[in-house]
Amino acid sequence: MASVAVENNVVNHIAEEIIRPVADFSPSLWGDRFLSFSIDNQVETKYAQEIEPLKEQTRSMLLASGRKLSETLNLIDVIERLGIAYHFEKEIDEILDRIYNENSNFEGDVYNEDLCTCRLQFRLLRQHGYNISLKIFSKFLDGNGRLKESLASDVLGLLSLYEASHVRSHGEDILEDALAFSTTHLESATPHLEYPLKEQVRHALEQSLHKGIPRIEIQFFISSVYDKQAIKNDVLLRFAKLDYNMLQMLHKQELAEVSRWWKDLNFVNTLPYARDRVVECYFWALGVYYEPQYSQARVMLVKTIAMISIVDDTYDAYGTVDELAIYTDVIQRWDIKEIDSLPDYMKISYKALLDLYKDYEKEMSRDGRSHVVYYAKERLKELVKSYNIEAKWFIEGHMPPASEYLRNAFVTTTYYYLATTSYLGMKYAKEQQFEWLSKNPKILEGCVTICRVIDDIATYEVEKNRGQLSTGIECYMRDYSVSTKEAMAKFQEMGESGWKDINEGMLRPTPIPMEFLSRILNLARLVDVTYKHNEDGYTHPEKVIKPHIIAMVVDSFKI
């Protein structure tokens, strides 16, 4: 829950004084900065004309024969890190499929690559869903099954090993050792490295590639690594910069559209108790998908996040127990005729919520998919029920058992709801995908767990200082008679287990296409970035998210 300060408010013209836990949220950092933007058609046309031949040259590079395995893997890795792989998904999948099938167990003399290539191959294949064998590590182990100390001097190999260790699944102890081994030796080596490798290693230790938000990692790699390297492919670099700027224009246009929608709703004035974070909501949606084909999905998701943030703050930072009970019931009924039973301030968000979903149904009807909006509505109804339980615990000072807390708090992460909503605007999302998601598959549970425990760790001190009893850490400490440090260690362990669930859930054969699984992975990545160093980057964006937003939707590459 948000940090709150109790103050008196008179609402609905009722004479009696109502004590409300009103949150003291900071105003938006952005004002009307993103309210107006229109794409320069001449610039767009110029970029598109230059990109086309660069794209064909890149495709020719991918399809060229006679390359060494290491050269092929490095080319794919660079293309992915530069953010242009979405142009070549079919080609990359075919290449990796061939590499995997040629020697899936990595046994015998056919396999004799260096540390860097081995780890890169392992990571790329795992990230594309191939359950590559751990035998690929065998030649780098000593007689005790530990990584050879002689590897400690190979910085590029260590960096590749470090990145590969983050795609580990349950029971892969060798990768646990690899993470510790590579981290220790990279930290020791960093002060002695030359730029840009030094910056690349420093960044990786701060934010692993696998757990990073793709668009942020792309911007960093182009500007701080590849552009600074002595040896680079100028075609790929030029292509990447043009493509980044081209996409950024689309992103700015979307953000302007959403900002105008938000300003027209006027929640800043009519519901001043709530957070004004529409730009941060767009950052969140951009983290889930940045590619151009997901423009509709992005706009729908950012509106959903912004709206649920208002609902969250209504439960978290303003409503009374009685009001929230009515609000919860009315949302279950989902009928505009019920609006008169609500206090005046709740009518505003309730009507906006119903209007938003009416717009979704109209938009989805063009593709004959309006019926799948039902799944998002059901998740929303589930969410507000849990919000209501959480609010009642807080207001009444109740501390539930840890198991009961977690069961409810998994829902209030909003991630069951947001994962479902993220599929709405995806053109190929059919009822099958929504049905699968509605059953809370293990990969989704892993994502939700990560969000819950990392949030609880990050906000523990703030919530403790305001006397909140029903926090996950406090509940766990009481139930298991452990210290704060031990409880946090357990929650951290749960988060790591959640990542392993996600990594396993991405492996083939998958129940639904990778396109949909990637949304769940990206939601988990958003948590890793937004709560970095135990900061609540959404509520207090100036410390964590602001630099990323500027990099993603303000700063462009010089062409």
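Backbone N, Cα and C define each Cβ position, glycine as well.
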Candidate ranges 312-316, 362-366, 437-441 [criterion: Swiss-Prot lists as motif 'DDXXD motif']:
312-316
About how far apart, in whole Å, are the alpha carbons (Cα) of Thr459 (Mg(2+) 3 binding site) and Asp312 (Mg(2+) 1 binding site)?
16
With an 8 Å cut-off on Cβ-Cβ distance and a minimum sequence separation of at least 6, pull the same-chain contacts of Asp455 (Mg(2+) 3 binding site), or say none.
Thr413, Val527, Tyr531, Asp536
Report, as a single number, how many Cβ atoms besides its own are within 10 Å of the Cβ of Asp316 (Mg(2+) 1 binding site).
23
Looking only at the motif 'DDXXD motif' (312-316), what is the model's average confidence as pLDDT?
96
Sorted by position, what residues of the same chain at least six away from Asp312 (Mg(2+) 1 binding site) have a C-beta under 8 A from it?
Tyr387, Thr414
Helix, strand, coil: count each for the residues of the motif 'DDXXD motif' (312-316), based on DSSP.
5 helix, 0 strand, 0 coil
